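Worksheet: the structure to be examined is printed underneath.
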Amino acid sequence: MYRVAIVGRPNVGKSSLFNRIIGKRKAIVEDIPGVTRDRIVSTAEWRGVTFEVVDTGGYIESDKDTFAPYIRKQIEKELELSDAFILVVDGKEGLTPADKEIARILHRTDKPVYVAVNKIDNPEMEKAIYEFYELGFEKVFPVSSIQKYGVADLLDAVVQDIPEYEREASKEVGEKEEKSDVIKVAIVGKPNAGKSSLLNAILGEERAVVSEIPGTTRDVVDTLFEWKDQKFLFLDTAGLRKKSKVDYGIEFFSIGRTLDAIKKADVIVHVIDAQQGATEQDTKIAHLIQKYTKPAVIVINKIDTVPPKSEVLNRIKNQVRERLYFIPYAPIVMTSAKNRKGIKQLLKEITDVYNQSWKRVGTGQLNRAIKQILSLRQPPSYHGKPLKIYYATQLEGKPPCFLLFVNHPEGFKEHFLRFLENNLRTVLGFEKAPIKLLLRGKEERRD
């Protein structure tokens, strides 16, 4: 999604303008320099176009404020992530050295910059904007974020400069999903793979009843757990009660419970018995993970039941990876729930996978990555004509979803899209997250 960062020195009204643009009070606003310390991200809609808005912390020249280097780093990071910038300055106070310093940083990029001269709430005050042309940007607007004055003109200019493909992509965007502090984790797997034992090993207590009989956990088990300041809500899928009056068989209910859990969870932990390796039923479960594009961690459990030799463990791991080849992004962790081995590594992987599933990349970064990948391998021709990818953008929400504008969507075959997907994961840092590619047809312009 097109990303616009609001930058400026402390106490010029960045957060007030941010709240005005998104239409709700999300950033804390006080008359104290530097109240907003962290970047706050939200979506906005103007003239039917949806885009992302970032409220950065106030840029501070002096390092006397302990937050100054951090805030400066946040702004400089936005130079890469954002597609455009609104530089907010104070029309009453006038041009300052700090404003010039921020402008100097913004001139490093060739991306659009709009200067919002804030605290101008009537036409008589508009003459105050002229000195700000000294910053070297053409688009300077008098605004009052409190009184709404001039904000419409500013947003009209921003939206007018959004590329056509980003406007089209914004039509695909639904409600923005907020990242939760709690990771919902579904532990899935065929009966007796060790799901409840694994949960107990994580919790360090006998929370779920365990025996050697498949499906012995009868009650719903939703358990909140915290590790290294990260909260997890574990959903032990074996805990959903089986219908007592209808005997459809264990596998029927196992798959049914798994499907519900996969839809609900943020991260799936797919537990596989080390003695059996990946079975046909494990393949069915993994296909559900793939179908719903869910982040996942594959756990090869019960390694205490196989010879503790590296060649044996590698053979098991390779068998699982080969059979579940269609979810290559899911990291594999080898555990012994009985001996509590591999538990810390599992929790780390769950956290990494979750964070990657929320990762966003800027439009420029994405298109540079695609250009780099296409230099390695061009898409095949279609009906004698070359297939082309004109540009791409990341849509809102998770899992990461990229909309590609191409000339012939039907010509892009699965093997090439898989090549593109795998390389995008590597280049953009989504190695542990599933990504989706959507294709939209677009005619090539002829000038």
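Keep in mind that glycine also has a Cβ here, set from the backbone N, Cα and C atoms.
All chains included, 16 other C-beta atoms sit within 10 angstroms of the C-beta of ASN11 (GTP 1 binding site). Positions annotated as GTP 1 binding site by Swiss-Prot, on the basis of sequence analysis: 8-15, 55-59, 118-121.
The DSSP secondary structure for ASN192 (GTP 2 binding site) is coil. Other Cβ atoms within 10 Å of the Cβ of ASN192 (GTP 2 binding site) number 20 in total over all chains. Taken from Swiss-Prot, the feature GTP 2 binding site applies to 189-196, 236-240, 301-304.
Residues annotated as domain 'EngA-type G 1' in Swiss-Prot: 2-166.
According to Swiss-Prot, the feature domain 'EngA-type G 2' maps to 183-358.
Mean pLDDT, taken over the domain 'KH-like' (359-443), works out to 91 on the 0 to 100 scale. According to Swiss-Prot, the domain 'KH-like' annotation covers 359-443.
Of the recorded residues, ASN192 (GTP 2 binding site) and ASN11 (GTP 1 binding site) place their C-alpha atoms 60 Å from one another. Secondary structure at LYS14 (GTP 1 binding site), as computed by DSSP, is helix. For the pair GLY189 (GTP 2 binding site) and THR56 (GTP 1 binding site), the Cα-Cα distance reads 43 Å. When the domain 'KH-like' (359-443) is classified with DSSP, helix, strand and coil residues number 30 helix, 22 strand, 33 coil.
Residue pair LYS195 (GTP 2 binding site) / GLY8 (GTP 1 binding site) shows a Cα separation of 51 Å.
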